[in-house]
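> The domain 'Kinesin motor' annotation in TrEMBL covers 15-350. The ATP binding site annotation in TrEMBL covers GLY107, GLN108, THR109, GLY110, THR111, GLY112, LYS113, THR114. Marked as region 'Disordered' by TrEMBL: 376-411, 708-735. TrEMBL lists 396-411 with the feature compositional bias 'Acidic residues'. The feature coiled coil is assigned by TrEMBL to 433-590.
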Amino acid sequence: MPRPTTAASKGKDESVRVVVRCRPMSEKEQESGCERVVNIDGQRRQISIRKPTSEISQRSTGDDGHTFFFDAVYDWNSKQTDVYEQTARPLVDSVIEGFNGTIFAYGQTGTGKTFTMEGVRSQVELRGIIPSSFAHIFDAIAHTTSRQFLVRASYLEIYNESIRDLLSKDQNKRLQLQEHPKEGVHVHDLSSFITKNMQEIEHVMNTGNLNRSTGATNMNEHSSRSHAIFMITVESSETGADGQAHIRVGKLNLVDLAGSERQAKTGSTGDRFKEATNINLSLSVLGNVISALVDGNSHVPYRDSKLTRLLQNSLGGNSKTIMIATLGPADYNYDESLTTLRYANRAKNIKNQPRINEDPKDALLRKFQEEIARLKEHLEGKGKGRRKSRRRGNQDEGENNENEEGDPNDEELYLKEQQDKLNEEKRSILHKRNINETEREQMLQELEQQKQAIEREQEARREMQHKIQQMESKLITGGKDIVTHTSEQEETLRQKRRLIAEAERRHREVQQRLAEGEEERQTINQKYTNIKEEVEDKRAKRDKLSKHLKKIEAKRTEIVEHQQSAREELEAEQREIQKQTKLLQLIIENFIPKDERERLYKRIQFDDQHNQWTLKELSKETDQMVHRPVSARHTRRPFTTNSHVESIPEIAHFRSENIMLLQLDHPMRTTRDYEGPVVAPAIQAAIENAMKGEENIELDANNIPVEKRKKKKKKIPDNRNDDDDDMYSKYASSNTSVSRLGFNDVYSGRSLNGARR
Ligand SMILES: Nc1ncnc2c1ncn2[C@@H]1O[C@H](COP(=O)(O)OP(=O)(O)OP(=O)(O)O)[C@@H](O)[C@H]1O
């Protein structure tokens, strides 16, 4: 069924208020040592429920505790007045103002729905919401002087999905629901009693309660198996600035639902089973309606049960609504209590659109006012006609009566006078002697008829006046009976109670805010501590890392420096090699004949195994070293082309020879000790000439450190003969750079390598 769109759509959104009340442990529960599993923090409006200890130890699933927040929560110490003053009073005030309002109690059997809604009527402090609302409404009316009120009450029960009028004489009659295009769903033919005071409305309620169905189940002997709805309609009228009466109508539904316990737990069978199924049906439809409303479904299944059809306006419609969820505190009710709390928690999200119901067409108060006016007019109308004829008669008699408005008392007087006149006439007729008996009889008859007509009129007027009185008596106007209703002291007391309730409410709100603030502060503190710890932890890590980094950097610097020095060394070495290579190249080019050179090149090979250059064995035919020819006295026989060149006389002796092919003369140590290198100026000049532009070449072989010199002679080719060794040692000990270097580097793979480049 689509959601109501008439009045509801115009109101301001307002959530259904949901409060929870937990009853005290019953004596039975205390005696059997039940555990309390419910905890309530009224200031925080928080209720927690935890699994019974026995169940936790048996099968803990991790969801052992649940916490919910509601608009108000009441624990086992809460008083009836607390619930009324803090929760119900504002809603009842709104109903008096012309809003629709609903308060319904929902919960497991025996958890205090009836106690909360009705309470114990004989004790004022134990009165529930329904009787307290009676007192409230009539008190409020008594103190409102500007408005006229009409209060009526109805009482019905939904039992096995059929509606029974609890105030009807015929308790077997079942009522039907009817859909009103504008006003929504209403119960056809439902009795409603106008009540003028608290006693009358209490009487209505007592009558209904006597008719209410109750039955015993395993769960609770007196558990109610029906849904009971007590309806109070408060109509009020006020004359506006336009002189017109404006009417407002507020409807209050006070609903005591049947127990919500599950079928299996009640152990019902037969009729009881059918009852329970139907109770469950309307409650489960109620649950579906709540879910559909909360989820914003386009289809809300109001029509699926009588209860939800009747409460349609209260759930998602034009009404202010309060749900009171009741629970028991004991462990064995854990599952049911949790279900109730979840149900209630969902209901918090239902949005209603309450608005004041102004000038509805079917207001009973308006009908009353119109009927009273009509009757008064009727009474006046008759008098008016007579007043006119009397005025005419009086004018004939010379009297002038301008007053058109008649006083009903005048009319009474007039009729009385007429009666007296007729009586007088009757007496004179009876005493008349000049008429015969027939004429006398006829005259008396006429008089009697006139008398009866006057009496009928008097009677009709009395009836009309009584009706007006009756109707007017139903309309209550505040102020008039204030002294009879309440004493001033009561009023002061009531106001103080209201102020206290208001102050308490504000106090609770402040406490709530403080608690929230404290919680927030603690959370922030906790967060701050966590962050501080984290910062400290990170700082320590950072310090450790930076120490590590410093170490790495020191190592890196060391490595770089080491590499740098190694590189410099290598570069120096390279430069040295280049220099030597150049020098050797020079020597080769200048001192080794071309053909010898080529032969030498042919013999050069790289020994992969030893990673060095070596000279191949001399082939006997071609490479065998030529024996030095016998020297001529003072001169040598030139046998190379080169030796013909005699440009430098000092070295002519050598120039005629291929120094590589020559077997060395082992010099006899016949001379003095060697005294340092003396390069012949001509050779020096030749070298300098050749080295032009080669600035970096160091000609003094002594500049090479001894260590390096040692390294350089590390490999001497195997094909070297003893003479070579001798030669080597001779030249190595010599300061003559040319000769030492020549041997050293010719035999070293590295030198040759460099030379090859
Ligand atoms: N807040 C309370 N303080 C003291 N006693 C309570 C309270 N609530 C309930 N009780 C007691 O618990 C018992 C069961 O309460 P009640 O009959 O109201 O339950 P219920 O929910 O209306 O049950 P049912 O579903 O059968 O109508 C009663 O004896 C009642 O007096």
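Cβ atoms here come from the backbone N, Cα and C positions, even for glycine.
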> I'd like the Cβ neighbour count for GLY107 (ATP binding site), meaning other Cβ atoms within 10 Å of its Cβ, all protein chains included.
30
> Give the three-state DSSP assignment (helix, strand or coil) for THR109 (ATP binding site).
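THR109 (ATP binding site) sits in coil per DSSP, no helix or strand.
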> Is THR114 (ATP binding site) helix, strand or coil when read with DSSP?
helix
> Is it possible to get the count of other C-beta atoms within 10 angstroms of the C-beta of GLY110 (ATP binding site)?
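The Cβ of GLY110 (ATP binding site) has 22 Cβ neighbours within 10 Å.
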> Which of the listed binding-site residues (GLN108, THR109, THR111, THR114) has the least company, meaning the fewest other Cβ atoms within 10 Å of its Cβ?
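Each of the binding-site residues GLN108, THR109, THR111, THR114 was scored by Cβ atoms within 10 Å; lowest is THR114.
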> When a 10 Å sphere is centred on the Cβ of LYS113 (ATP binding site), how many other Cβ atoms does it contain?
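The answer is 29 other Cβ atoms.
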> Once the chains shown are all counted, how many other Cβ atoms turn up within 10 Å of the Cβ of GLY112 (ATP binding site)?
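Total other Cβ atoms inside 10 Å, all chains included: 22.
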